[in-house]
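This report refers to the structure that appears directly beneath it.
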Amino acid sequence: MSLIEEIVARQIFDSRGNPTIEVDVITENGLIGRAAVPSGASTGKHEAVELRDNDKSIYMGKSVLKAVANVNDIIAPELIGSHVFEQNLIDRLMIDLDGTANKGKLGANAILGVSLALAKAAAQEAGLPLYRYVGGVSANTLPVPMMNIINGGSHADNSIDFQEFMIMPTGAKSFTEAMRMGSEIFHNLAKVLKSKGMSTNVGDEGGFAPNIASNEDALITVIQAIEAAGYRPGEDVMIAFDAASSEFYDSETKLYHFKKSTGDKLTSSQMASYWADLVKRYPIVSIEDGMDEDDWSGWAELTKLVGDKVQLVGDDLFVTNVSRLQQGIDQGIANSILVKVNQIGSLTETISAVNLAKRNSYTSVMSHRSGETEDNTIADLAVALNCGQIKTGSCSRSDRMAKYNQLLRIEEELGEAAYFPGKNMRK
């Protein structure tokens, strides 16, 4: 038998120096599964609840001792003695134990920490790498990286409204080659920025955070970096955005306000047309959160305009939630889901969201959060679920590189069985 003998939660720090929760699940054979939970800066209002203490005298209210206590005092006693391989059953038990629609009682961070640590402990018991334990024999797809090389929006203190300007080395023949291309472009971007007298300080996700005048100027700068590295924009390397539009959408006036850059205010229709114009003029392959999370009519218009040309990713729109994803599918909105394990709060529900997307020909993009740790679980999950794409930051900061390095190891381990989709990432 492989039973759970002990579950221990503790408070550690994320990449922003804020507290987060880490959980160990220990089996009767002494094997340990350990998982640390990430945290977002721009969070969708439909996400599961990240439980924090809100005691302003400690860590400015950001401590997670309540979540830690919920694991140690409430969840652990219920699970000790359970079979470590009962992932679905245990996840459902924790969800029922919480009893709320958004995991607001125990905290999604508490439940997720246990859920991921459980899977890692089970993989140890099975003598398998995590990607193989979760994904089975068909887990062999290495994801095309979406590398965030310019940070803006809530992730940087600069004059760029859009949160992430990313490159996708779709012309690469392997994940290893894609990383080389991304690294070369990242370092050439530093040279381009320096030549313009701009800062090469980095934001939360490792991308540069220069004080560029506008969103389009940032896009042009990325293209210059691609060319400086010796690659062809639109052939070897494509461009992707995370606009995080909910961050600059005014729900009262129903206008998109580029308050950090030009000051322009756009209606939903104008915003959709803005994106269509950029897609027409630049080698853009993917737009994440191009409209506000509750602007369903705006999303419908955007999908109508460019949905057959580019990948339209719902992050705040879908929040890794099968109910919201099904709503989007029913309305023909977007064509891709961003997958963030802490948005929904359990491995079982994350897998369900990816499976629903696949059944309806929506792509899936595995993703980090801006507040990360050295935990590299999402790298294994990207392969396990054959997502085909991953978003885990730039080519700097060890909290980001930990995921990329794990994917390099997985590709090496898979050998000839490894599949890198490249330009076929949406198929």
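Glycine residues also receive a Cβ, built from the backbone N, Cα and C atoms like all the rest.
Of the residues Asp236, Asp242, Asp250, Asp375, Swiss-Prot puts just one in the Mg(2+) site with Glu288, Asp315: Asp242. Of the residues Lys194, Lys340, Lys423, Swiss-Prot places Lys340 in the same (2R)-2-phosphoglycerate site as Gln163, Arg369, Ser370, Lys391. Checking Cα-Cα distances from Arg369 ((2R)-2-phosphoglycerate binding site) against the recorded positions (Glu205, Asp242, Glu288, Asp315) with a 10 Å cut-off leaves Glu205, in sequence order.
It is 6 Å from the Cα atom of Glu205 (active site, proton donor) to that of Ser370 ((2R)-2-phosphoglycerate binding site). The Mg(2+) site is set by Asp242, Glu288, Asp315; from the centre of their CB atoms, other residues of the chain with a CB within 8 Å are Gln163, Glu164, Phe241, Ala243, Ala244, Ile287, Asp289, Val313, Asp316, Leu338, Ser367, Lys391. Of the recorded residues, Lys391 ((2R)-2-phosphoglycerate binding site) and Asp315 (Mg(2+) binding site) place their C-alpha atoms 12 Å from one another. For Gln163 ((2R)-2-phosphoglycerate binding site), the nearest of the binding-site residues Asp242, Glu288, Asp315 in terms of C-alpha separation is Asp242.
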